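S.K.: Heads up, here are the entries from TrEMBL:
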ACT_SITE  TYR49  active site, proton donor
BINDING   HIS107  substrate binding site
DOMAIN    15-254  domain 'NADP-dependent oxidoreductase'
SITE      LYS74  site 'Lowers pKa of active site Tyr'
Amino acid sequence: MKTVKLNNGVEVPILGFGTYQITDAGEAEQAVKEAIAAGYRHIDTAQSYMNEEAVGRGIAASGVDCKELFITTKIWVENVSYKGVMSSFDRSLKRLGLDYIDLLLIHQPYNDVYGAWMAMEELQAQGKIKAIGVSNFGVDRVVDLAAFNDTTPQVNQIEINPFQQQTKNIEALRKEGVAVEAWAPFAEGKNDIFTNPILTKIAKKYGKSVAQVILRWLIEQDIIVLAKSVKPERMAENLDVFDFELAKEDKLAIATLNQGESQFFSHADPEMVKWMASRKINI
Ligand SMILES: NC(=O)c1ccc[n+]([C@@H]2O[C@H](COP(=O)([O-])OP(=O)(O)OC[C@H]3O[C@@H](n4cnc5c(N)ncnc54)[C@H](OP(=O)(O)O)[C@@H]3O)[C@@H](O)[C@H]2O)c1
């Protein structure tokens, strides 16, 4: 599979498998095992998804060597501090059944981001993490973090889909050497995305599905994309996006869908910051 090279040389498979909202342990284990069997080599989880242990069992059951896989997890807000990363990282590793993590992200731009970053730099220097990055950070916060530390984040994982295209932010992050990952490429089905007339028309033209058109649109921008499905037929469908290319007029048509705002919530909303700060997961 096509890869994206990070600013420290680490290569990331451009299409990854997302595991958000697969909370049932049996379902998460099965989904990860099936996703790897379907051909995914990049799996995205997080402490807050409460499924790291099941994801780890799915990885082990797949029979594929961890060295052939790219595994990401994320530090939840309550663990975002020097001590919080140092202790919770080991617990994440243990739950996942791994010796190292390919990519560790600060999940949200809150709490002691600087202390957490220092711990992540140390763990990376020890070889326990291949790449370190952030998620849901504004470009200004990324630049600030890079300015006062040795390591520029290798990745920023943000919401990107046809309704929230983030074109300027993507350009600005790349200018700083930060690779971009897209979460909720299908906007989790919001806003009738799968029956959107513009996307449906483009999909028909190529004999593809709306989901495939969206993934292709992201991949053609060299954006690392995470797609989630618990259904094996959709896992396979979402992987089958490397045999067509979108014409310029189709990309221009998709550009008109941009609403320029999140389909979910704003990370700058004080009420959301308070909610995230109060969400304790104790793991
Ligand atoms: N960093 C962050 O803050 C953050 C936030 C959200 C997500 N993420 C990551 O990004 C990943 C992807 O985002 P997401 O899971 O929120 O949403 P998503 O991938 O945009 O959408 C998932 C939804 O689309 C459906 N779906 C998948 N493939 C489909 C297809 N081919 N046709 C029709 N429906 C399809 C799935 O249903 P079925 O499962 O029933 O097929 C599910 O309901 C997550 O799993 C997670 O790893 C990160």
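FYI, residue positions are counted from 1 along the chain as it appears here.
Cβ coordinates are placed from backbone N, Cα and C, and glycine is handled just like the others.
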S.K.: Taking the Cα atoms as reference points, how far is LYS74 (site 'Lowers pKa of active site Tyr') from HIS107 (substrate binding site) in Å?
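M.R.: Their Cα atoms are separated by 5 Å.
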S.K.: Please give the average pLDDT for the domain 'NADP-dependent oxidoreductase' (15-254) in this predicted model.
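M.R.: In the predicted model, the domain 'NADP-dependent oxidoreductase' (15-254) has a mean pLDDT of 98.
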S.K.: Looking at the recorded positions LYS74, HIS107, which one has the fewest other Cβ atoms within 10 Å of its own Cβ?
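M.R.: Selected from the recorded positions LYS74, HIS107 on minimum Cβ neighbours within 10 Å: HIS107.
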S.K.: Taking just the CA atoms, what is the gap between HIS107 (substrate binding site) and the residue listed as 'active site, proton donor' in Å?
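M.R.: Pair distance, Cα basis, whole Å: 11 Å.
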S.K.: For LYS74 (site 'Lowers pKa of active site Tyr'), what is the secondary structure state per DSSP, taken as helix, strand or coil?
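M.R.: DSSP call for LYS74 (site 'Lowers pKa of active site Tyr'): strand.
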S.K.: Are there any residues at least 6 positions away along the chain from TYR49 (active site, proton donor) with a Cβ closer than 8 Å to its Cβ? List them or say none.
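M.R.: Same-chain residues close to TYR49 (active site, proton donor) (Cβ under 8 Å, separated by 6 or more) are THR19, TYR20, GLN21, ILE22, THR23.
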